[in-house]
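> According to Swiss-Prot:
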type	residues	note
ACT_SITE	67	active site, proton acceptor
ACT_SITE	136	active site, for ring-opening step
ACT_SITE	138	active site, proton acceptor
ACT_SITE	143	active site, for ring-opening step
């Protein structure tokens, strides 16, 4: 696991964007696994800047997102499809037909999950998977538990995750309780994984991810078993690392 510690959130975002940009330039037909949440927003802004300045071409890129809330349509302003469109896709030249997010309104969730895994397989797998870290160690919506699912699946969100995401909704009661998420198996099959984390609130989980015991109670620790992980954090998130 490679570790890069940056001064602050802004620098972390720039370093992460540069890392992804280099991979896109090396492989214009790259399959990117993308994430949502507060952490990658700065990185996406930097990628948009690079595109606007002629440094990046997304026309042949395929993207596949980690997760989506169950019960929200893609045009709901808190859905992850909406998040990706407004924070990245609408501002670059990616073909929207080559951007994939689970369908939160799927009538048959089990079929949707199986189809999502088949799609990833048909693409030849994910070349670069971007991950944020939940304060409780979740990656995607793979929450702490006795067992972790391999494939894309329906999951019940932990109370701590619901509380953390409540800031995006009018009320905590509006936060969906279920989500479709890629499983640990799909994430671990990615050829390369880039993890980004910022702020003191992520320091404990960053420490556990780097050197803690591998346990399903902290899903991020599973990344220790992957052959190519780069962890990009700011000083606050790295403060418990020796």
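Cβ coordinates come from backbone N, Cα and C, glycine included.
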> Expressed to the nearest Å, what is the distance separating residue 67 (active site, proton acceptor) and residue 143 (active site, for ring-opening step) at their Cα atoms?
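Approximately 12 Å lies between the Cα of residue 67 (active site, proton acceptor) and that of residue 143 (active site, for ring-opening step).
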> Report, as a single number, how many Cβ atoms besides its own are within 10 Å of the Cβ of residue 138 (active site, proton acceptor).
24
> Have a look around residue 67 (active site, proton acceptor) and count the other CB atoms within 10 A of its CB, chains all included.
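Excluding its own Cβ, residue 67 (active site, proton acceptor) sees 22 Cβ atoms within 10 Å.
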> Who sits close to residue 143 (active site, for ring-opening step): which same-chain residues at least 6 apart have their Cβ under 8 Å from its Cβ?
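Spatial neighbours, sequence-distant, of residue 143 (active site, for ring-opening step): 134, 136, 155, 156, 157, 158, 161, 219.
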> Once the DSSP letters are reduced so that anything not helix or strand counts as coil, what is residue 67 (active site, proton acceptor)?
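Its secondary structure by DSSP: strand.
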> 10 Å Cβ neighbour count around residue 136 (active site, for ring-opening step)?
18
